[in-house]
């Protein structure tokens, strides 16, 4: 059986089909496969070095920032600004926007948290932008708004007849309301975000002290990080994003991507940038880039965290990652020329936007993770004529992994699982970025990330179960299973004929693809 599947060139084979396949493989291997694989290794090696240098640069910057205590948000004199506000009673008017769409499980949490924010009541407007298509749910959300209205909160319930522009369209229409004209700032929270009572007191003073500041971004705090292994792994990736990427962007170029929520904008900055646009699925990043090109500066407040929920089902996470990978690639395609021609900002900032922010982090990172570690390295195992450069294939990714993992010390023991899971997800991210770059089908697909709120805690009303057999087919993911078989084939070949011991990695990666391919990841909730 072994000879029928994995054969040495000199081995005798039996059966016409086996002979034909073997002949075809060996006839194209040397003239076609080997040169292509060598080219792929060279390109992936260059991109790996680019990614390594970018990660190393950010590590050096964040180390200097922390050791020297030079975090940008610590330079502001917030206490004196707060004292001036309270002494002069010159509180600016603030709008709080909560866009939502069929958020059955979390609408009470988000509305309650927003209405509990501490700020003079005559200077605060809470705006619930409900695009729900479920009429019963709309009535419940409106009823919740009326309940807070009776408590003296200035809350507005807004609906639309359509979902044009999705979240961007809702936010845009919300800013066009007549009662918003006197508002100077707008705080935005997605439906699963729960800001603390003092959120505005810890953000608005930055904007008041520096008139050039257009955005104050807080970090995220995950209330369900311990729900399952998948949420723990997500926490590791997002902790790096906030602790390093956002902090470095804030400390060096005064630019980083708006996270779409848990931030406060100066409304004038939004207007100067041209307002909300729905041309991609990352309207938040689009607005941030355009505002930055107009000269507005941003600050990231790393010690201010807003509670929110991580997607705990694989389906929800997959859709979210498609949007987060496809959108930036498509935005890169649309904005590159505008960034290059913009003379209002420095060459350094434009270079940072094009090379570091978009190309390396949003394209190269996904491309290398999938094609190098899931295609090229396994393929090189079955093509012994091609030799891998071990420092690039082993030491560089190991260093990058360590730099990422140290941001979440409590999960260091999960680093191997994180690597395997990220490699599997790179399949979807790479597919999404190709769709974004080519503007292919699904480029503007918008699927709201499913939130479960307190559902998982209510064990009496809802039990966590494996789905019944009749729905097993829905959990099968063909691409992951095909990749798992490819990895397994390469692992067995390396185990039998190889000398580099890559089969250890390949076997583990194959198992990861199979586990996710059969749907055994994330939380499974009975319907």
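Placement of Cβ uses the backbone N, Cα and C atoms for every residue, glycine included.
As given in TrEMBL:
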DOMAIN    186-378  domain 'Glycosyltransferase 2-like'
TRANSMEM  39-68  transmembrane segment
TRANSMEM  353-380  transmembrane segment
TRANSMEM  392-421  transmembrane segment
TRANSMEM  476-496  transmembrane segment
TRANSMEM  502-525  transmembrane segment
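The transmembrane segment (502-525) is in contact with the transmembrane segment (353-380), judged by 3+ CB-CB distances under 8 Å for residue pairs 6 or more apart in sequence. Each of 39-68, 392-421, 476-496 was scored by its Cβ pairs under 8 Å to the transmembrane segment (353-380), and the highest score goes to 39-68.
Distant neighbours of the transmembrane segment (392-421): 45, 48-49, 51-52, 55-56, 59, 229-230, 232-233, 235-237, 239-240, 243-244, 372-373, 377, 508-509, 511-512, 516, 521; these residues of the same chain sit at least 6 beyond its ends, with a Cβ under 8 Å from one of its Cβ atoms. For the transmembrane segment (39-68), same-chain residues at least 6 beyond its ends with a Cβ under 8 Å from one of its own Cβ atoms are 243-245, 247-248, 251-252, 356, 360-361, 364-365, 367-368, 371-372, 375-376, 380, 386, 388-389, 392, 396-397, 399-400, 403-404. Counting residues 6+ beyond its ends, the transmembrane segment (476-496) has Cβ neighbours under 8 Å at 2, 5-6, 374, 378-379, 381-382, 424, 427, 502-503, 506-507, 509-514, 516-519 in the same chain.
Taking the domain 'Glycosyltransferase 2-like' (186-378) as a whole, pLDDT averages 95 in the prediction.
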